[in-house]
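These come from TrEMBL:
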DOMAIN    38-216  domain 'Tetrapyrrole methylase'
BINDING   D64, G67, S92, V93, L143, L201, H226  S-adenosyl-L-methionine binding site
Amino acid sequence: MQKVYIEAYTSILSFGLAYDGLSTMEKLYGKSIIIADREMVEEKVDDILIEASESDVAFLVVGDPFGATTHTDLVIRAKKLIVEVKVIHNASVMNAIGACGLQLYRYGETVSIPFFTETWRPYSFYEKIQRNREIGLHTLCLLDIRVKEPSIESLCRGKKCYEPPKFMTINVAIEQLLEVTEAHGASAYDENSRCVGLARLGCEDQIIVSGSMKDLLHFDFGPPLHCLVIVGELHPIEEEMMEFYKVK
């Protein structure tokens, strides 16, 4: 293996990108690891593919390789260039979410909740949640992460200056979800709708808590990464599992 990249755009490792964490991985692989941030993934991926056409290149991702459209696009580009691709599958939030006790085949479409700004407040995810709720399915909400994002002010000046990393909490996600449903007349869910909040899923200190949106709104879930499930109709076994995780 000539080069090893680790993608730090669609998700991050549980230890972030701290030097000690990366150095541990480098010792394990016996190779230096290059961090592929958003700019590299979106603007310089062709350079990686050119390297891969001439030598073996590894592109590490957090979760399953096909859990993000970004990675599917990378495979498509590689195949068009006749670059051989070997995929090694991995655990992902898409299957690890089963730890909360809700059965995987009872989930509907997954949604992403972006950070709202003063000028950008997209509500498009609401319709997907509503469709899931109408047929009794659970909704996994993936919460926004912003790593090495240029500030609007710096872009206006023509010189990139990056904002500090920012990770959406379950609390912020619920605030935004309640804002959206209020704007729609609270037809899909409201503050009394049952949810499950999960933090640091798969880690030794993971937290899983079930309760209403109102119950979870001020619960301290600790450090990132967080995700949220809006619960649909429950099977009796799922109901029992919800009781185990019920907010105190």
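Each residue, glycine too, has its Cβ placed from N, Cα and C.
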Grab the pLDDT values for the domain 'Tetrapyrrole methylase' (38-216) and give me their mean, rounded.
90
The record names D64, G67, S92, V93, L143, L201, H226 as the residues that bind S-adenosyl-L-methionine; what is their largest Cα to Cα distance in Å?
17
Same chain, |i - j| six or more, Cβ under 8 Å of D64 (S-adenosyl-L-methionine binding site); the result in sequence order is H89, N90, A91, S92, M94, N95
